[in-house]
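Lifted from TrEMBL, the feature list:
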| type | residues | note |
| --- | --- | --- |
| BINDING | G77, E78, S79, G80, A81, G82, K83, T84 | ATP binding site |
| DOMAIN | 1-172 | domain 'Myosin motor' |
Amino acid sequence: MLVVLKYVSEKSIFFNLGIVLVAVNPYKDVDLYDKSIYKLYRNGNVRQLDPHIFGIAEEAFSSLDQQKQNQSIIISGESGAGKTVSANHVFRYLTQACAHRHAIDSLIIASNSLIEVILPIYFSSLILSLYSFALHSLQGFWKCENDNSSRFVKFTRIFFDDRLNASGAQME
């Protein structure tokens, strides 16, 4: 296990263990979530790229689009492991993926007016951003080691319409 942790801390915070993505909380800001990384996973073959939370989000989004089947992403870990942060990165990725998809649609379907194209993107982004804020705000308890620590299980549903606009979210 120490070898794995040493590898992860030197190379990346992510690695695959079978079909499971394991993320090790580095307890510091890491430059793994910027727009260039997003584009890599959005435009590339996820299975040929290094393990990343964006890869999980992209596979779920692509499967939702292509197979039209519900998708699940389970984020689990001990206190302070970074579950909420990981969930927020998934929400941000999905927000950008919705916007990216509809920007392409707007180029293909030239008959759509600018307002018709921008509003679904805006509201999809708004829904996911507000949901992310609510998720962050409704935390359970505060700890000295981690002021972003939650003490309850969150079951989240994000609803998408036929065009892959985020149309709502529900947390239980």
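Yeah, the Cβs are placed from backbone N, Cα and C, and that goes for glycine too.
Caution: TrEMBL annotation is automatic and unverified by curators.
When other Cβ atoms within 10 Å of the Cβ of T84 (ATP binding site) are tallied across all protein chains shown, the result is 18. Counting Cβ atoms from all protein chains shown, E78 (ATP binding site) has 8 others lying within 10 Å of its own Cβ. Within 10 Å of its Cβ, the residue among the binding-site residues G80, G82 with the fewest other Cβ atoms is G80.
For the domain 'Myosin motor' (1-172), the model's pLDDT averages out at 71.
T84 (ATP binding site) falls within a helical segment according to DSSP. The Cβ of A81 (ATP binding site) lies under 8 Å from the Cβ of A23, N25, each of these being in the same chain and 6 or more residues away along the sequence.
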